[in-house]
Ligand code: IPE
Ligand code: IPE
Ligand code: MG
């Protein structure tokens with residue numbers, strides 16, 4: 001059976017959507033003899049720098065991994081520090097994001113979050129919903145497997161309510177994911193030298209490019225992001241077909 005071509009722009013145009021696994025806050029702090037919490041605090045500064053730098057690099061959407069469904073396994077104090085970062089980031093930057101045309105979307109499960117965080121999330125999404133210059137997606141209490149399970153459950157609920165009938169296809173399941181409606185992920189970046197997904201964007205990663213950078217997240221910024229764009233531009237995205245490079249295709 002013929003397969004629909006995946007929607008994509010050539011790699012040479014640069015990535016529209018960059019997804020970042022912001023890793024290495026703890027090691028950054030440890031290397032300085034500081035508590036891990038300070039690494040997370042510096043991580044917020046790095047996030048601000050990175051969001052600022054993205055539009056000039058032609059990027060239209062950033063998705064960042066802030067807290068995974070597995071991060072609840074960390075000591076209670078660290079979990080509460082990480083929750084606190086949402087408060088800090090939103091309190092210090094929401095006005096600016098609003099003003100600069102950034103739409104903020106939070107991916108992941110709301111259930112289980114402290115009530116004030118859930119409220120902050122809702123307020124942030126509502127107050128930036130009209131913005132369309134740039135999309136910032138923050139994966140928080142997010143797990144790729146949980147997101148796929150939730151999408152399947154949504155579909156099952158719709159079938160039970162008589163709003164949908166089978167057979168289920170990729171497009172329909174995709175509509176139930178928390179990333180639905182956003183641009184396809186072009187490249188997934190992980191900092192700190194680790195090379196794994198850790199349950200980030202499992203579905204969306206299907207044909208994403210991967211870039212691993214040795215920089216620890218608190219040191220991240222414009223330069224490291226520009227390096228991602230450069231690496232991406234030199235990739236040959238095939239999507240299961242043959243090379244997209246015109247010279248090779250002609251030969
Ligand atoms: C990434 O830094 C931030 C989160 C996971 C929230 P880590 O806290 O994982 O830092 P390392 O991996 O211990 O250095
Ligand atoms: C992934 O990093 C989660 C975030 C960056 C928020 P982790 O540091 O939690 O992943 P593992 O435990 O090293 O796989
Ligand atoms: Mg880590």
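Heads up, the Cβ atoms here are built off N, Cα and C, so glycines get one too.
The active site annotation in TrEMBL covers 23. Long-range Cβ proximity for residue 23 (active site), meaning a same-chain Cβ under 8 A and a gap of 6 or more residues, is found for 190, 191, 192, 194, 216, 217.
Positions annotated as active site, proton acceptor by TrEMBL: 71. Listed in sequence order, 79, 82 are the same-chain residues six or more apart from residue 71 (active site, proton acceptor) with CB atoms under 8 A from its CB.
Less than 8 angstroms from the CB of residue 209 (Mg(2+) binding site) sit 11, 15, 186, 187, 188, 232, 235, 237, each of them six or more residues away in the same chain. The Mg(2+) binding site annotation in TrEMBL covers 23, 209.
Residues within less than 8 Å, Cβ to Cβ, of residue 72 (substrate binding site) and separated from it by at least 6 positions along the same chain comprise 79. TrEMBL lists 24-28, 36, 40, 68-70, 72, 74, 190, 196-198 with the feature substrate binding site.
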Message = Cβ atoms within 10 Å, counted per site: which of 24, 26 has the most, among these binding-site residues?
response = 24
Query = Which recorded positions among 23, 40, 71, 72, 190 have CB under 6 Å of ligand 3?
reply = 23
